[in-house]
Amino acid sequence: MKHFWKILSVISQSTLSVILIVELVIGIIGNGFMVLVHCMDWVKKKKMSLVNQILTALSISRIFQLCLLFISLVINFSYTDLTTSSRMIQVMYNAWILANHFSIWIATCLTVLYFLKIANFSNSFFLYLKWRVEKVVSVTLLVSLLLLILNILLTNLETDMWTNEYQRNISCSFSSHYYAKCHRQVLRLHIIFLSVPVVLSLSTFLLLIFSLWTHHKRMQQHVQGGRDARTTAHFKALQTVIAFFLLYSIFILSVLIQIWKYELLKKNLFVVFCEVVYIAFPTFHSYILIVGDMKLRQACLPLCIIAAEIQTTLCRNFRSLKYFRLCCIF
């Protein structure tokens with residue numbers, strides 16, 4: 001029975017590793033495609049809209065995030081006996097926090113931008129923000145930078161505190177028990193800072209719903225028939241924000257699981273599972289943005305046609321080869 005569970009564990013880890021690699025590849029391809037399309041459009045038109053600037057920055061941050069995760073996984077699984085000092089751990093945490101921070105905050109700026117562009121309120125403060133949407137995005141990013149600096153400082157203080165506590169009993173290198181407990185504390189700290197963009201995104205989401213409801217109620221009183229352009233824009237923005245929240249919830253869930261069962265961080269199967277769940281957010285959210293953007297969708301269409309033609313050609317060649325083998329047998 002013990003042998004059976006060992007085989008099952010190996011199969012599960014191999015399956016999750018394949019899923020993880022596939023997620024990494026398609027995530028880098030999707031985000032790289034967005035950067036390429038927007039940069040080509042920028043070279044062609046000599047200018048880039050605010051939405052495209054945010055989408056490009058978001059894609060670049062997620063490419064960095066996915067590449068960083070890939071390097072981290074290679075180091076963890078290829079060099080299991082590698083001795084890590086407290087300074088190395090701090091560098092790893094700072095890079096991880098930096099990648100997550102920009103990926104989440106730029107996505108939050110995108111939801112704020114959608115809200116200010118599409119929502120319709122007669123409130124004077126809202127109109128003030130709506131007319132100064134670029135400044136709102138700039139201030140949001142500036143606040144996020146201040147929070148990033150504070151997050152990194154507190155994380156470094158946390159790792160230094162654990163180092164000083166355990167330095168009396170063990171060497172300067174990190175034991176697996178120490179690393180798991182330190183990782184749990186860092187994740188708790190990270191969750192606290194992640195709550196700020198969550199609250200901001202949730203607020204814009206609820207206000208978008210309220211704006212859609214008031215607009216729909218107003219339209220029912222004056223116009224009979226299908227949706228107007230503003231209602232359609234509301235629905236598209238809501239679909240994008242809902243998809244963002246679902247994937248973001250999965251990301252938060254992966255972090256909470258690591259906090260709840262931090263002692264399992266010593267097991268490779270649990271680590272790979274958490275990474276598979278964690279990567280779903282930066283990978284699949286990029287494809288949702290591609291589907292929701294007309295320019296990206298149109299640019300992606302020729303690639304889909306080429307891929308379909310390649311698949312058809314491969315299937316035809318496979319059938320021809322199979323038929324040739326049957327003829328040779330008979």
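Along the chain as shown, the residues are counted starting at 1.
Backbone N, Cα and C atoms are what each Cβ position is placed from, and that goes for glycine too.
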Determine from Swiss-Prot whether Ser122 and Lys47 lie on identical sides of the membrane. yes
Labelled N-linked glycosylation site in Swiss-Prot - which residue from Asn76, Asn120 would that be? Asn76
How many of the residues that make up the topological domain 'Cytoplasmic' (38-53) does DSSP mark as helix, as strand and as coil? 12 helix, 0 strand, 4 coil
Honestly, do the transmembrane segment (240-260) and the transmembrane segment (96-116) touch, with at least three Cβ pairs under 8 Å and pairs 6 or more apart in sequence? yes
Counting a contact as 3 or more Cβ pairs under 8 Å, with residues at least 6 apart in sequence, do the transmembrane segment (191-211) and the transmembrane segment (54-74) touch? no
Where among 17-37, 54-74, 96-116 do we find the most Cβ pairs under 8 Å to the transmembrane segment (270-290)? 17-37
By Cβ distance under 8 Å, which residues at least 6 away from the ends of the topological domain 'Cytoplasmic' (38-53) in the same chain are close to it? 59, 110, 113, 133-134, 137, 295
